[in-house]
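Here's the structure, in structure tokens; my notes come after.
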Amino acid sequence: MGVGKALNDVKPYLAMILLQVGFAGMYIVAVASLKRGMSHFVLVVYRNLFATAVMAPFALWFERKSRPRMTIKIFLKIMGLTLLEPVLDQNLYFMGANLTSAGFASALINILPAVTFVMALVLRMEKVRLRSVHSQAKIVGTVLTVAGAVLMILYHGPVVQFPWSKGHHHDAGAQGAASSGSFLTGIITIIVACVCWSAFFVLQANTLKSYPAELSLTTLICLMGSLMSGSVALVAERNNTQAWVIGFDTRLFTCAYAGIVCSGVAYYVQGIVSRQRGPVFVTAFNPLCMIITAIMGSIILKEEITRGSVIGAAIIVLGLYALIWGKSKDEVNQVADVSASGGCGSKGGELPITLAQPNGNGKHELGSGRGVVFDVETPAANGHY
């Protein structure tokens, strides 16, 4: 009992950490491909096609008996999710990363927890009691996270020499971007992408209340994302048909890796964790991706790490742990099995150890806290991890 409970408690943390490692790898290979001339519009299309192809069989099989009925309201929410993440966020982020660097983009995206926290507060998905130590920890953690990211942007300082970075020099392309208006454009696009990503997390948590089928929702988002981003790419690359041609090279690997790991698996796992712990918990792990990307970028892309980046990363980690500590004390409501919900005996929202074989499909409706204020900063969810 004790070991099983401890394992369930650890699963959401472990899942989010592994996802950040996956995202960091995607940022590196994606920026490498974009620097070599790959169109980010085409990358987004192929990425979502790969994700759809991989996730669809699992959705059709594991949720064949538990998939909720599709309604107009749910369909509109899925369209909104598609517009926010596959179409807007992915295109804007890749555009910004190409105009700046992988390390800079992953650092700037750390305003994500703060933006998500504010959105969740406005929509009453998060409750803050200023006299609560745990709420104070979340506020302080959010501020520290943003402050660390801002420090990394504004202060650089001398280059920190690591054993693997000796003899490296600044990338000429990055210096050229920094000295022109394209660098500012990159910053703006990344910030807008961050807002879209935060809105996606909040809307995803809301959608799963009425459509608690993570695999099916992931597949539909990726499928609609392929169609919508494909339409955008056809217009953007109408005079460059060669942009659609990819061979057995890094471009194909980038599309497959980004689609399978960072769209298919990530949407599914984030959906489960967001439904259980809330959208702020999901975004709180993003600073880890920044640190991993900075290290990998210095090795693979020859990007240099400055003193400001190291100090900012340390502050971000402190904020991350403060925010997670505050979230770990949230009381999560237990939703009893109700026969009228059609989900008797199922464990809704339980995070599986093996991603390909989920233990439950979530037939319960989530508690929405109608008129009830809990000392809990996440939406009520089905069961515990």
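Cβ coordinates are placed from backbone N, Cα and C, and glycine is handled just like the others.
Annotated features in TrEMBL:
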DOMAIN    14-153  domain 'EamA'
DOMAIN    185-324  domain 'EamA'
TRANSMEM  12-34  transmembrane segment
TRANSMEM  40-62  transmembrane segment
TRANSMEM  102-123  transmembrane segment
TRANSMEM  135-155  transmembrane segment
TRANSMEM  183-203  transmembrane segment
TRANSMEM  215-236  transmembrane segment
TRANSMEM  248-269  transmembrane segment
TRANSMEM  281-301  transmembrane segment
TRANSMEM  307-324  transmembrane segment
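Proximity of the transmembrane segment (307-324) to the transmembrane segment (183-203) is not established, fewer than 3 Cβ-Cβ distances being under 8 Å for residue pairs spaced 6 or more apart.
Of the Cβ pairs linking the transmembrane segment (183-203) with the transmembrane segment (40-62) and spaced 6 or more residues apart, fewer than 3 are under 8 Å, so the two regions do not touch. Counting Cβ pairs closer than 8 Å and at least 6 residues apart in sequence, the transmembrane segment (248-269) and the transmembrane segment (135-155) reach fewer than three and form no contact.
Put simply, of 12-34, 40-62, 135-155, the stretch with the most CB pairs closer than 8 A to the transmembrane segment (281-301) is 12-34.
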